Protein chains: 4
Amino acid sequence: MKVVIIGGGSSYTPEIIEGLILRQDEFPVDFITLVDIESGKEKLEIVGQLAKRMIEKAGVSIELSWTLDRREALDGADFVSTQIRVGGLKAREKDERIPLSHGLIGQETNGAGGIFKAFRTIPVLLDLAKDVSEICPDAWIINFTNPAGIVTEALLKHGVHKRVIGVCNIPYNMTQSAAEILKEDPNNVRIEFIGMNHFVFGSKVLVNGEDKLSKIIEALVNQSVDFSPANIVSSGWSETFLRAMNMLPNPYHQYYYQNESTLKKDLKAYQDNGTRAEQVQVIEEELFNEYKNPQLDIKPEALEKRGGAYYSDVACSLMSSIYNNSQNIMTVNTLNNGAIVDLAEDSVIEVNCLITKEGPVPLTVGRLPQQIKADILMMKAFEEQAIKASISGDYRDAYLAFVMNPLIKDEKKAKVILDELLNAHKEYLPQFDL
Amino acid sequence: MKVVIIGGGSSYTPEIIEGLILRQDEFPVDFITLVDIESGKEKLEIVGQLAKRMIEKAGVSIELSWTLDRREALDGADFVSTQIRVGGLKAREKDERIPLSHGLIGQETNGAGGIFKAFRTIPVLLDLAKDVSEICPDAWIINFTNPAGIVTEALLKHGVHKRVIGVCNIPYNMTQSAAEILKEDPNNVRIEFIGMNHFVFGSKVLVNGEDKLSKIIEALVNQSVDFSPANIVSSGWSETFLRAMNMLPNPYHQYYYQNESTLKKDLKAYQDNGTRAEQVQVIEEELFNEYKNPQLDIKPEALEKRGGAYYSDVACSLMSSIYNNSQNIMTVNTLNNGAIVDLAEDSVIEVNCLITKEGPVPLTVGRLPQQIKADILMMKAFEEQAIKASISGDYRDAYLAFVMNPLIKDEKKAKVILDELLNAHKEYLPQFDL
Amino acid sequence: MKVVIIGGGSSYTPEIIEGLILRQDEFPVDFITLVDIESGKEKLEIVGQLAKRMIEKAGVSIELSWTLDRREALDGADFVSTQIRVGGLKAREKDERIPLSHGLIGQETNGAGGIFKAFRTIPVLLDLAKDVSEICPDAWIINFTNPAGIVTEALLKHGVHKRVIGVCNIPYNMTQSAAEILKEDPNNVRIEFIGMNHFVFGSKVLVNGEDKLSKIIEALVNQSVDFSPANIVSSGWSETFLRAMNMLPNPYHQYYYQNESTLKKDLKAYQDNGTRAEQVQVIEEELFNEYKNPQLDIKPEALEKRGGAYYSDVACSLMSSIYNNSQNIMTVNTLNNGAIVDLAEDSVIEVNCLITKEGPVPLTVGRLPQQIKADILMMKAFEEQAIKASISGDYRDAYLAFVMNPLIKDEKKAKVILDELLNAHKEYLPQFDL
Amino acid sequence: MKVVIIGGGSSYTPEIIEGLILRQDEFPVDFITLVDIESGKEKLEIVGQLAKRMIEKAGVSIELSWTLDRREALDGADFVSTQIRVGGLKAREKDERIPLSHGLIGQETNGAGGIFKAFRTIPVLLDLAKDVSEICPDAWIINFTNPAGIVTEALLKHGVHKRVIGVCNIPYNMTQSAAEILKEDPNNVRIEFIGMNHFVFGSKVLVNGEDKLSKIIEALVNQSVDFSPANIVSSGWSETFLRAMNMLPNPYHQYYYQNESTLKKDLKAYQDNGTRAEQVQVIEEELFNEYKNPQLDIKPEALEKRGGAYYSDVACSLMSSIYNNSQNIMTVNTLNNGAIVDLAEDSVIEVNCLITKEGPVPLTVGRLPQQIKADILMMKAFEEQAIKASISGDYRDAYLAFVMNPLIKDEKKAKVILDELLNAHKEYLPQFDL
């Protein structure tokens, strides 16, 4: 069995290597190939060497290699994981700074920044999907490149390769936190998720099949417990909101339901410390310095403090479940196919699925609960437009995606920010006529 | 034939009286009864006397009466028009002032103010519908009480009387303006409308069956022509927005797509001149002073400056078309029934209909164009929640309607404004446990 | 203005010529071109000469021509009517005889025969549509080639030209009969039709907007009045059926709801007089003999006895309504677009439409009434399969269309009849690999 | 834990008792109560005594009782299984004989006979559901009373108790047969089922997640293997049918796709040996004679030859899975909820579900494959009408259910058979005004 990691020079790679090592019994990988592009060559070398040391230390029989030749790497692949960042952290910095400088949320996966991440990423991944379809047509693409939901929908709707699954660590993190609150083993806790990536809600918290949602809400009301990944700290939901919604929001919801205060907080943080991208650049530098240490032969602890922790763990579990036809339940991004009645069959949603050898099969959810229907329908229609613009490269399509996004909306500001971002990112937007 | 006017003491009544007089040949009304409530007794008397003078002057054989006994008035009615304002302009003043004082749009039909107008109005009209269903089951209710779309959906979904049509002057005004721009007779111009009341877009401007939308957009781009009713002045759409949307927005869209600038403008106006309700109170006083003049026997010109001009004209045309089974096309609020594929069959939409003796039959529209799909779906889901809360009187339902409304949204502000409005209006909200 | 008649050598052509002559004031045609294929050359000449005499006699300024060059004829066309019969009456004879010989309904538009008429016709008309789209892209194709509904759906779903409307004389005939029963001017009678071509039901019979359905049902129950075109004589519906359905069936419904007795009757007629096709061949011969008479300069009365009477009249009305943007109501075959909620938007249905310069706009119908829902949904799914097979030429697709058709259904008989028909018609089925 | 068996005097009861005994470790039942009605008193006593001996012999600690007092029995119940036959085998005999005597399929769950079984059963089970909802609201009703799909939809749509699951042995039998053909352990085989009870198709045959459908089709083509329960012997499908459908039909499909030959066969069997009901009466008598034997303390082998074998086994597995929140996959009848996109959310379908403590959660299926779409949509619409008639007791509703059923359809025969059946069964049809 062969796993190919696109964006193998990423600082996250040691986590996925660790995940594969730990699962070697149930999921016996023979080959791992790390792939990156010319500009990531140095990092790829560092990560490759570290991974090699990790495998040696673990004493497992995995053959590791790294290369800049993607097509060669794909030969014989069973799983292809994607963790790329087109334009790197420099591009992210612009996605955050430019909207903030005009008084709007500037964020890597939501609002104007998220739209531009989609614009830069989708064409690159559609191209990868073409290669996969040609070279290793039975392979599964496990996409954890953000905005994961939008990217996965673009691949499944417009790509030639249909074996694509999107993953995110939010459902995983929320489940872990719920288990902690309930003092239960996370393996016995299953949240029923409804919605789509970064806009998903938890409607039930099942422990051995019994719903403990009200206990979690009580805990949130009383102790202000948060479900937050490292880079998104939610400022606490009001009791009225939690009780009326009667569902678990995810940390990204603060951009929508606490827009003013979140923006204020983000603007202050930006003025005080610059963008999150700039901070991450520092963290990354430190990480790579650590990675270079020839003594290091395990995943460094520091990595867990980085935002995307557990992404790779989720990805490894998913690959193993597919390989073993485990028929367990995981929350992934896949085609709706009727699971949420109000959405189109070919919409990508984030929902609980039975994981089989043939991929994820969503469990039916039914109609959207009224309290989230308005926003879910709106966000999905916006996403469709963002995907359309990503592919067409049409200025008006891009403008409409901005106007349809609730974090932008203003018809005049939309143009100003759009123009500035198009200009800033033009080297990564070949589809646009700039 | 008998027409009953609920809210007969309204300052708009002379317009509807004039409309009925002018159509006497095609639509021979025998009886008109004006109905009002105790607190509107004086105004009813003034308007009744003026209407009487108007009918006498016109020399038509209409028998006019006015009464506070609604059930008696309904006896034998063929058409029942509703133009009520529960709580009067005093209540409107609060709908405008309270949200504005917290930095949100304060408006009589949109946002928090519009929701509370729905809360006060829906129970009263459901009660009327029960009377109509009992006393004059074949009569048509022509509702032009705002928020007209929400109120009509509430009546059609939850009322016992199914012959209800909602009307608004926005489509009429937009058609008039389009005709003016194109230098065409308005009777030859038909705009294809998509959406719902106060959130309707024009997708085609047909002159003798040919689409002139691009000419209108050109005119809007070049000369900043506006489609505005008297009380809503749109500040002009950008060229980018108009060309990308490729549809005609209505004036209310400024609250959504120009939120920041509109709010700024409205806040300034509020600080300078108080609420629109306060201004209207002055206008109304002047109007009633004029109405009292025993010399006055026609509709006074001043009335046209009032915001809701042409509402009554639309209502009279509609009644005549039903009576005559005219099979002409009018834009009204009625059950979707498949016309917009993306919405439920029992949603009320504002759309072009064939007007027949059996009521309006919508012309199919098909799928929502992508550029408006996000907002239309969101607004409709919000409206459903607002209707639910209007009937249940449940605090959480009301709170969710606030959170689902894009002009409120903020989970904490929603509570503050909701609480203040509930307290301010409590005498008109018997369904809430306050 | 130019009208092109594809299949101009048809015996029906004098009717359409008459229709165009009579409407010359409202619908001023300048050119008519009759088009046919090599094998129809002689008939084309005969019909052409007759049409010429008719135009001269009428004294209207229409320039008439006839040709075998279709592409040349299409140049400058505004309307293209299609009335072709691929394989001629000889092919129809097989469509009728082969199923009958195996004890199944053998009929030119229903069951196995109808499916094969679709198989032969659809590729030819898709080819025409390509020419139209290229040569006269603004022209409307008015299709009255049977099976009209299936053919129109094939063109609208799979063809490049989207201005296609299907017409049938059944709704026209039913309306005429209803008017007769009610002793009303047919112009004041409008039946609300639900369903699709040859499987349409009348749900209301409106006279000046009032529903007289119950009066018609009473008349049908008491006097066994029929709605039958010349070639389909319905044997009378039982009172129980009419009252329980509470809708008007059309004559073709006897194949489905009176299958056994209709089959018995048809088999007897076949044994006594051969197929309908053979009878029609005799009638046609007589007609053409009459047409040759140089004295004849009007449409001969004998034509009205032929089955498809009034088809052309409906087509002429339709062309005139489009030309004049009349906005009147006609029953045509067009895209559903939501009118019948239970069917796909791109299904072709037979339904009342507003006829505009931009084509027909369906009036919404809503949900299918329960009593016809089962059969309408089944028939539409069958039609989809028949269209698929018409285009793919795949044996299994064709077989499934047979098994899905309620007049065939039997998995073993389906193969026998399919094989025999494929062999019999192979010269007209280039898409099949025979 | 307590299991109540409604229709406890049924000859099937020993099977369910055996199932509960065998599962005692995983599913520790404390109490079993058998319930029957006055006329079944004697059988109840015989079965009760046998069950008691079985439990004693097994040495498990289950407390068994039997009673005619249903409400008392329901007290404290966790599971309520229903296996009733309103009117007994005498009624079934009429369901079979009357249609056959008019030359139509006469069968206990399909066609006219099946409709009348629904008419007799639905009111009785709605009444049971009311009791359950009142006395043991958390209990699950496991319905295996036929027509199981129709009955379950009636309960879920119109009953007050929502914890209802329908089971049938067809999916179980098909899976067993598939395993046999593939020489696999049935536990490793999972068929993907699409459709509804008695009209279900197998679209995939998964062995450890890999699809072996083509192997099964090959086997069916070559060796004429059948998937048949004891009382329905399918006469073999043609190669053309199997390959074109590319799905597994179930034995009941012969009534639809091999109607003529099946009817011929059934008519011959009827003339030779009388109805199946009459044969079953003999078998039952023998069975009860055996049951009476005080030496008998296990489930007699003879029972396996009875038609409904494995029903109870499926029911026991289901109860255990719910109790244990097993999250395994079973094929049951439950609310669609989007699983089959083409059907309403509240339709009951037979589909693979995840079995949880909160009941079955369907796995999404998506759109119906075209080759079965026509019939599935038709059958479901027919079922809706049959349910409507079962509840309304309206003659026209019943007649329409007959006309909508493809095994009846003929508008005149429908009345004759309906009238005869209504008369024959009138004692069990209180809802009809006879």
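Every residue gets a Cβ built from N, Cα and C, even glycine.
Non-local neighbourhood of A:R92 (substrate binding site): A:R85, A:E108, A:G113, A:K117, A:T275, A:R276, A:A277, A:V280, each in the same chain, at least six residues away, with C-beta under 8 Å from its C-beta. The feature substrate binding site is assigned by TrEMBL to A:R92, A:N146.
A:E108 (site 'Increases basicity of active site Tyr') has a Cβ environment of 24 other Cβ atoms inside 10 Å. Per TrEMBL, site 'Increases basicity of active site Tyr' is recorded for A:E108.
Counting only same-chain residues six or more apart in sequence, the Cβ atoms lying under 8 angstroms from the Cβ of A:H198 (Mn(2+) binding site) belong to A:T109, A:N110, A:P147, A:A148, A:G149, A:C168, A:I170, A:N250, A:Y252. Residues annotated as Mn(2+) binding site in TrEMBL: A:C168, A:H198.
Taken from TrEMBL, the feature domain 'Glycosyl hydrolase family 4 C-terminal' applies to A:193-408.
Confidence over the domain 'Glycosyl hydrolase family 4 C-terminal' (A:193-408), given as mean pLDDT on the 0 to 100 scale, stands at 92.
Residues within less than 8 Å, Cβ to Cβ, of A:N146 (substrate binding site) and separated from it by at least 6 positions along the same chain comprise A:E108, A:T109, A:G114, A:K117, A:T121. The DSSP secondary structure for A:E108 (site 'Increases basicity of active site Tyr') is coil. Secondary structure at A:N146 (substrate binding site), as computed by DSSP, is coil.
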